[in-house]
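Visitor: Below are the structure tokens for one structure; questions will follow.
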Amino acid sequence: MATRGGGPGPGFRHRALRGLLLLCLWLPGSRPGEPAAPSSGVDRLLQDFRRQLQRARPREELEPELLGGPREDCPGAGGTAVYRAVPDTIIRTQDSIAAGASFLRAPGSVRGWRQCVTACCSEPSCSVAVVQLPRGPSVPAPMPAPRCYLFNCTARGRSVCKFAPLRGYRTYTLSRAEDAAGIPPRPDEDKPPVSKAGKDVVLHLPTDGVVLDGRESSDDHAIVLYEWTLQQGDPSSVDMKVPQPGTLRLSRLKEGAYIFQLTVTDSVGQRSSDNVSVTVLPRPYSTGGCSSACSRYHFFCDSGCCIDIALACDGVRQCPDGSDEDFCQNLALDRKLVTHTVATSAQPGAMGLNEGEGDPKLEKSQRATTHNQPATVSHPETRIHSTQKAPESQINPVQPDSNSSGKNQEEGNYDLKSKSGQAGGEHPAPEAGAVLPLALGLAITVLLLLMVTCRLRLVKQKLKKARPITSEESDYLINGMYL
């Protein structure tokens, strides 16, 4: 493609330099014993291209061919394979194996880097040899043998190994003629990436935020782009930031449900998406010690939990639904209604009986007055007068007639019973829990008394049977023996 000035564009020059680099892989390298040939224009062009790439990309991302030295023929390969040495470089084992590379073996009988390269050249699938050099010249003689590691970095027709700079190691990359002449992989061999947005998250307010991590996404080659988008939720209720590729930090979250989508793109443009939900719940209600383990010493809330019975009716709502205080208000209202009903239905003679216990004549006069009063006495007056004590000088005893004395006496007894029953209604009946132990104790006591009585009777009978023989009985028996 040409630029506006008519000259070749940067893309054209980049493709041309790449073609020249592949062409140079076919050129035989100089022998170790031969003098170096004068550099040609192509070599100078390749060196300039190598320097430009080194300035544009960090060292750990460069291919070993661009960082290495001159190419040399593999020993015993007949010119079909060449190797290049890359000093101070080591293979990134985990990343390389994850990308498709494989570890072959570690020869233990090598005495130098040449034997390690020879072992790799003799291995048909070996493409990278890593040599661990001895630690500096300060090591006393004899020098220890270096360690050698062989890898197969070719997968799907391309090199997939990753490298990193590290002193004390040297990497040797092999290029074979059949690899250079191989057919590039077809697009259908490149599998699409697998997107993993992580597990769903549930938060409670207040919260500082959460970090979504999608770096578990994978691809058979490489993922070049991570994209996070909000699919559901109010965008103004959350702040989204990307601290590093593959992650998303959420802050200032408000109550609600959010759905985020992670889309990953591989090196050939294939995409994959995955969703993750973030649920933000409101601040949990403080139950004030409301527990699910309840006993008879607890107050049962309407919501199902319970609190200490001493905390009920203290003016503070410990139950989540406030039933501990509502119950007390209803209980106080019921007590007022019961007291009002009893006081309203009471007759004037009730207070006269309680207040005039010391005077029998007063009791009779009150009973007679009660039965002789008309039925049209108003309740307010009854309630007012029942709370006041009349002086004895104002009370006139009334003697009942002889004909109606028995009837009045029976009615008076009935009134006493009914009034005593009404007075007893104001006090709560004893609980069943107290009556049951009392009845059980009485039954056990009676049973023990019966057992003791039976035991005493048996003992008395045995004593009667075992009483000693009198002198008269003994004489009778002796005389009977001689007769």
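Backbone N, Cα and C atoms are what each Cβ position is placed from, and that goes for glycine too.
What you are looking at is a predicted structure, and each value in this text was computed from that prediction instead of being measured.
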Visitor: Among C161, C319, C328, find the residue that Swiss-Prot gives as the disulfide bond partner of C301.
Guide: C319
Visitor: I want to verify the bond table. Which candidate from C290, C294, C328 sits on the other end of the disulfide that Swiss-Prot records for C313?
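Guide: According to Swiss-Prot, the disulfide partner of C313 among C290, C294, C328 is C328.
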Visitor: If you follow Swiss-Prot, the disulfide involving C294 connects it to which of the following: C153, C161, C306?
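Guide: Here Swiss-Prot pairs C294 with C306 via a disulfide bond.
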Visitor: Quick check on the record annotations: which of S109, S277, S292, S474 is tagged phosphoserine by Swiss-Prot?
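Guide: According to Swiss-Prot, the phosphoserine annotation belongs to S474.
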Visitor: Near C313 (disulfide bond), which residues of its chain come within a Cβ-Cβ distance under 8 Å, counting only those 6 or more away in sequence?
Guide: D324, E325, F327, C328, L331
Visitor: Can you tell me which parts of the same chain pack against the transmembrane segment (434-456), counting only residues 6+ beyond its ends and a CB-CB cutoff under 8 A?
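Guide: Contacts of the transmembrane segment (434-456) (Cβ under 8 Å, skipping residues fewer than 6 from its ends): none.
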Visitor: Report, in whole Å, the straight Cα-to-Cα distance of C301 (disulfide bond) from C294 (disulfide bond).
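Guide: Rounded to the nearest whole number, the Cα-Cα distance is 10 Å.
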Visitor: For C328 (disulfide bond), what is the secondary structure by DSSP, using just helix, strand and coil?
Guide: helix
Visitor: For the domain 'LDL-receptor class A' (293-329), would you mind checking the mean pLDDT of the predicted model?
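Guide: A mean pLDDT of 80 is what the predicted model shows over the domain 'LDL-receptor class A' (293-329).
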Visitor: With DSSP as the yardstick, break the domain 'PKD' (193-287) down into helix, strand and coil residue counts.
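Guide: Secondary-structure composition of the domain 'PKD' (193-287): 3 helix, 50 strand, 42 coil.
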